[in-house]
Amino acid sequence: MHFSRTSLILFAAGLASAQLPNVPGCSLDCFVAALSADGCSSLTDFACHCQKPELVSNITPCVQSACNIADQSSVSVAVVSQCSAAGHPISVPPVGAASTTASETATTTESSTQTTTGTSSTASKTSSSAASSTPSSSSASSSHHHSSSSALTTRTLTSTEPSSQSTSASAAATTTLSGNAGSEKANVAGVVAVAAAALYLL
């Protein structure tokens, strides 16, 4: 079974080589793999192969891996020539363009990732600073409120103290007056008693 598969691949490679005599040997396996999987009836049916939009994208990466720059250029020329002869001309990207595009894409992706990471880090720092400032502001507000309450209590006590003193003074004055009135009444009673005794004796 393995021998039959190998023979089939070699036969297909021979057909591809015969159909594309200017194609380097390093690219034959690439052509066999791509042309045998695109749905066309045979490997040599380039009128069909060249109408497949995926032809170039399927063959190019394999050729870039297997062949050097000079051989890649030869493959591009051979494919363009063969498809033009089959009545279905195609265009092939310049050799090295795909690699350059892939490199630029990777660089752009990396830059975007770094930018996103930097933005996320800045946002995190900003959020942390805001969170740290909020408790400090709350503490300051609480301290100010506590100080205001203490001052208000002190002022209330201070204002109440004179009133207490006034009340004490009033009470003392009332007691004194009451005492004086009692003394006067006692004196008057004494005088009346003496007068009554004198009248009795007379």
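Placed from the backbone N, Cα and C atoms, the Cβ positions cover glycine too.
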As recorded in Swiss-Prot, which of C48, C50, C62 forms the disulphide with C30:
C62
Cysteine from C48, C50 that Swiss-Prot links to C40 by a disulfide bond:
C48
In Swiss-Prot, C26 is paired in a disulfide bond with which of C50, C67?
C67
How big is the gap, in Å, between the Cα of C26 (disulfide bond) and that of C83 (disulfide bond), rounded to a whole number?
20
Write down the Cα-Cα distance for C62 (disulfide bond) and C50 (disulfide bond), rounded and given in Å.
17
Please work out the mean pLDDT for the residues of the domain 'CFEM' (19-108).
84
Tally every other Cβ atom lying within 10 Å of the Cβ atom of D45 (heme binding site).
14
Fill in the CA-CA distance, C40 (disulfide bond) to C62 (disulfide bond), as an integer in Å.
20
